[in-house]
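Undergrad: Pasting a structure below so you can have a look.
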Amino acid sequence: MGLEHQPREQWGSRLGFMLAALGSAVGLGNIWRFSYVAGESGGAAFIFIYLLFIVAIGIPIIMAEFTIGRRAQLDVVGSFQKLAPGKPWVLAGILGVASAFIILSFYGVIGGWSIYYFLQYIGGGPPVEGAEASADFFVNFHTSPLFPIFWQLLFMTITVGIVYAGVKKGIEKSNKILMPLLAVLVIILAGYSMTLEGAQEALTFLFSPDWSALTDPSVYFAALSQAFFSLSLGMGALITYGSYLSKKEKLPGAAVGVATMDSMFAIVAGLMIFPAVFTFSIAPDSGPGLVFITLPDIFGSMSLGLIYGLIFFFLLSAAAVSSGVSLLEVAVAYFMRRLGWTRKKTAIFIGSIIFLLGIPSSLGLGTWSGVSLIGGRDIFDSMDFLASYIFLPVGGMIIALFVGWGWNKSEVLEASNFGQSAIGTIWIWLLRIFAPLAILLVFLYSVGLFTF
Ligand code: VAL
């Protein structure tokens, strides 16, 4: 299939695009992953570095992705082929599609858990009375071989259904309803959590840094990968979503808006989760199970706990679906063009492959927990490591270098809506030098090639 003259879908409005991009960014990354990674990486010092990376690396790369997609009006691989034909920059597009596949495969597992917990609360709440009960309940559930896969299938079916319905009718419409609702729900839950007795300890954990943590290289690596994961960078999603935006709309405000809202969402989610973690004396570094064990405990102790539990797991499931949709759209947009198939057929086919790819990650947390792949990590963590720690930052670095050096500067500035402004020049230099260098240093530091 050629690259040009495809009839292309478009967003109905700029707001619709922004909410969809926000829907992609805000997901399990902000609630489930942010809380356990922040917990494992010592809290406030990690959050400080994370926010710094968002501003200095994240926002410039969001802008770069929007600019590439909007100018090319093509999927993530096609965009690079069109803007730089025959050049190796297309590697960033290929990494984007690969990351979307890998991330959605394990994302679907956690998305499925969220739906299962949501339905538990509809049915009167999980049976978690007494010490250790919520941990036992969680462990029994996620280590059973087939049961979590059933919920993963349900999650993938909903995700496929939305992508199947199309850009405007499926993706835009669902985000327009979900995103404002999620914002209200997370604020209500955080407000409640802040009344718990662990609130003070949570505030200290989240906002008063122990600077000695900064001598640990893994904190930088974790913060960088969390920034990429949470902002949906390097996975093709923002290029693909940008490609459905018309030339009339302005990009810079949208990029800053998405990054700001996404970070606020993560912080408010921290205010919702950590007071509970400290109130119930749960170790903040208890890993991926954190929200599935901690929160049912607080909900179990509250008079309106069932309703809060219902709201929370609805929030988690809905945020997961809107992000999952953006990952699936990356792959579907690419294969629709490559294979010349309809959206509907591609969505079902690619969605099924990603579902199958996710099964080992699910089993790796239970029956196959003895299997270790990358550096002693289980299957699930290996998938996360490969995509979030390697593919996303490398893809992001290539994107920064492409927009900074590989693309004609005046064309970039015009395509980005910065024009000949000072801020446009700063942006270009952040992409040329700062972002690639910072990513490289974090890599070298974390593999121990140099120390401070
Ligand atoms: N950005 C999303 C999240 O934070 C996904 C697409 C990885 O969960």
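Cβ atoms here come from the backbone N, Cα and C positions, even for glycine.
Note that TrEMBL annotation is computational and uncurated.
In case it's useful when we look at the structure, here is the feature table from TrEMBL:
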- 12-32: transmembrane segment (TRANSMEM)
- 44-68: transmembrane segment (TRANSMEM)
- 89-119: transmembrane segment (TRANSMEM)
- 149-167: transmembrane segment (TRANSMEM)
- 179-199: transmembrane segment (TRANSMEM)
- 219-241: transmembrane segment (TRANSMEM)
- 253-282: transmembrane segment (TRANSMEM)
- 302-335: transmembrane segment (TRANSMEM)
- 347-366: transmembrane segment (TRANSMEM)
- 386-405: transmembrane segment (TRANSMEM)
- 426-447: transmembrane segment (TRANSMEM)
Undergrad: Take the C-beta pairs under 8 A between the transmembrane segment (89-119) and each of 149-167, 179-199, 219-241. Which stretch has the highest count?
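TA: When the Cβ pairs under 8 Å are tallied, 149-167 comes out ahead.
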Undergrad: Considering only Cβ pairs under 8 Å, which range in 149-167, 179-199, 219-241 makes the most contacts with the transmembrane segment (44-68)?
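TA: Going through each listed stretch, the top one turns out to be 219-241.
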Undergrad: Residues sitting near the transmembrane segment (302-335): Cβ under 8 Å, six or more positions beyond its termini, same chain?
TA: 20, 23-32, 75-78, 96-97, 100-101, 103-104, 107-108, 110-111, 114-115, 117-118, 120-122, 124-125, 155-156, 158-160, 162-163, 167, 170-171, 174-175, 178-179, 181-182, 185-186, 188-189, 192, 232, 235-237, 240-241, 243, 272, 291, 295-296, 341, 343, 346-347, 349-351, 354
Undergrad: For the transmembrane segment (219-241), which partner among 12-32, 253-282, 347-366, 386-405, 426-447 gives the most CB pairs under 8 Å?
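TA: Comparing 12-32, 253-282, 347-366, 386-405, 426-447 against the transmembrane segment (219-241), the winner is 386-405.
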Undergrad: So which of 149-167, 179-199, 253-282, 386-405, 426-447 is most in touch with the transmembrane segment (347-366), counting Cβ pairs under 8 Å?
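TA: Answer is 149-167, with the largest number of Cβ pairs below 8 Å.
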Undergrad: Counting Cβ pairs under 8 Å to the transmembrane segment (12-32), which of 149-167, 179-199, 253-282, 386-405, 426-447 comes out on top?
TA: 253-282
Undergrad: For the transmembrane segment (253-282) against the transmembrane segment (386-405), do we get 3 or more Cβ-Cβ pairs below 8 Å once near-sequence pairs (under 6 apart) are dropped?
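TA: In this chain the transmembrane segment (253-282) does not contact the transmembrane segment (386-405) - fewer than 3 Cβ pairs sit under 8 Å.
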Undergrad: Six or more residues out from either end of the transmembrane segment (179-199), which same-chain residues have a Cβ under 8 Å from its Cβ atoms?
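TA: Sequence-distant neighbours of the transmembrane segment (179-199): 19, 22-23, 26, 31, 261, 265, 268-269, 271-280, 298, 302, 308, 311-312, 314-315, 318-319, 322.
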